């Protein structure tokens with residue numbers, strides 16, 4: 001069409017203008033400006049909302065060269081042959097001729113090509129390229145953690161949700177590329193460029209609608225899985241999981257309704273004239289914003305490793321890519337409000353941005369955790385445990401701790417779960433007693449297992465430790481709760497009782513042969529067992545400490561002798577001695593612990609005949625050993641009686657009484673009577689206020705061969721009255737003193753015969769003490 005000037009130009013030549021008008025009179029075309037009003041014969045009035053052109057039907061366009069009007073408002077040179085295929089129903093292709101450049105077809109095609117390349121790059125990262133990790137401060141390639149062994153933590157694995165999501169995005173963008181090329185070629189054949197129509201043709205396809213819904217579902221699930229990894233607490237993981245499932249379900253429902261039921265609505269600009277498209281857009285926006293907020297919160301909490309670290313110089317690049325990928329939904333939400341035309345090609349960027357937000361953030365988190373492990377691997381702290389996590393993770397399949405190891409790893413590996421009291425699948429006690437049985441099982445495991453493993457080390461023979469094939473060194477975790485200490489059998493304090501002579505002590509008596517052969521026997525340990533078989537096997541062993549006083553020495557001596565005999569049998573290296581009657585109950589408990597602990601796994605099985613037969617055989621064998629075990633007679637052993645020391649406060653009372661007597665006596669009488677007492681061999685003390693009182697002590701009977709006089713005898717330990725009373729006062733230091741030996745500490749009539757072992761005696765009841773009578777002097 002040829003443009004025509006509607007208003008006269010004052011600078012134009014009137015002669016040339018008239019000639020041009022006469023030449024174009026037969027085929028006149030008019031350019032109608034925006035805002036013009038057209039009035040039709042039927043009275044209808046049309047207001048032009050955009051520039052238009054009027055062309056008379058008699059104009060022969062095939063013989064003239066006219067410019068073509070493109071959708072962007074510009075004019076390019078060309079022939080009219082490019083518009084010969086237009087029809088009357090193609091007016092919708094020229095709905096907007098003045099779209100800005102950022103909303104035209106060129107940025108849309110470039111954006112689609114760039115996002116497709118990024119999508120395939122993510123797929124290559126997930127499926128082909130090996131992962132990088134930190135190894136001793138150097139970033140290397142590989143698929144393992146810090147070590148390549150079985151104990152290393154693998155950080156190279158990727159969840160399958162990310163792989164499916166990235167692959168679906170790449171497939172979707174490939175289909176969008178094919179549809180865009182087809183629609184652009186059709187517009188090129190028409191000689192026009194309409195970005196809005198191009199976008200509607202591409203996104204309106206049924207195949208792309210279906211693949212987009214599937215891709216979005218896996219994208220949101222992958223992001224939810226990434227969020228679950230960010231937070232270690234089990235409670236937070238559960239909250240994130242169910243919140244994500246609810247939002248993803250609602251988003252899929254409303255997106256499906258918006259794509260198929262409300263397909264006639266505007267797909268390129270969010271003009272929310274109906275509720276379903278608005279809700280679909282709202283749920284998609286909520287998922288993106290929540291994901292971005294939680295990832296930013298995690299990066300702030302881990303700011304020490306998240307943005308820069310000397311061991312990983314490229315951490316800042318990964319951090320920038322992660323932040324950009326998670327902020328894409330927020331940025332385009334702002335652009336949708338301020339510039340709605342951006343939605344034409346912004347959908348592709350948001351599409352691949354959601355995939356990158358999951359893949360790159362996962363890599364970011366793995367690098368942060370690798371730096372944390374590298375820094376804390378030499379620390380002394382253990383795993384971080386939160387309150388309530390053990391109860392939330394409790395299940396019947398995960399009841400036992402530690403978990404059951406492989407069968408081929410040895411007999412010792414299977415014992416980690418045998419002492420917990422559970423069954424083969426972790427213990428059926430969870431269904432019987434609830435979740436609290438997990439705590440009690442863990443407590444019983446740690447209380448019983450170390451005592452059974454360390455028990456052979458307490459024997460007198462070091463060879464006995466190697467007789468058990470199941471005893472192998474293992475590294476166990478510390479107990480969750482400290483074990484309750486065994487009750488200590490402490491004797492009653494004799495000074496706090498009303499009668500100091502009423503306390504009796506029972507001690508073991510050993511012959512000289514036993515002392516020289518084995519030395520001091522180890523104390524008997526009181527071991528408690530939770531299972532029925534072990535409690536029956538060790539019931540007699542525990543009864544030794546709770547027996548009556550009369551039978552306690554015999555039972556203790558019996559257990560001590562049997563323990564020595566068992567140690568001798570173990571040191572010989574022959575396992576046949578384990579079945580002889582001379583084996584002790586402690587060795588039996590130690591050797592039968594692996595077997596009894598294996599039976600604990602099947603204690604709730606009614607049809608486990610093998611376990612029942614083994615338990616019955618163990619019980620009968622213990623009964624036979626109890627019958628054939630020899631006993632020692634400890635009732636006829638010699639007894640030596642040792643008197644109890646004086647009670648607290650008696651010496652002080654006597655001292656005060658002696659001081660009162662000394663101060664009330666007269667000095668002259670004491671001097672005269674003390675001279676007279678030198679020949680009689682008595683110690684005179686003055687008592688009373690007026691008359692002197694003489695106290696004499698009879699000397700004890702002595703042996704016939706003793707010719708030592710009283711003054712020449714070695715000075716024994718003085719009584720508290722003499723030492724702290726009269727002889728420590730400065731007033732009586734010049735008085736002569738005659739020391740009289742103390743009386744014997746036991747009744748000569750009750751003196752026993754010479755014991756077999758003078759070094760070890762038995763304590764008994766204190767007899768009545770006979771002191772010399774005190775008679776006043778005449």
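Yeah, the Cβs are placed from backbone N, Cα and C, and that goes for glycine too.
Relative to the membrane, Swiss-Prot puts residue 230 on the same side as residue 309.
Which of 315-335, 378-398, 399-419, 420-440 counts as transmembrane segment depends on Swiss-Prot, and there it is 315-335. By number of Cβ pairs under 8 Å, the transmembrane segment (238-258) is matched best by 276-296 from the list 202-222, 276-296, 315-335. Per-residue pLDDT, averaged along the topological domain 'Periplasmic' (297-314), amounts to 85 for this model.
The transmembrane segment (342-362) shares more Cβ pairs under 8 Å with 315-335 than with any other stretch in the list 109-129, 161-181, 315-335. Across the topological domain 'Periplasmic' (223-237), DSSP classifies residues as 12 helix, 0 strand, 3 coil. Secondary structure of the topological domain 'Periplasmic' (297-314) per DSSP (helix as H, G, I; strand as E, B; remaining residues coil): 9 helix, 2 strand, 7 coil.
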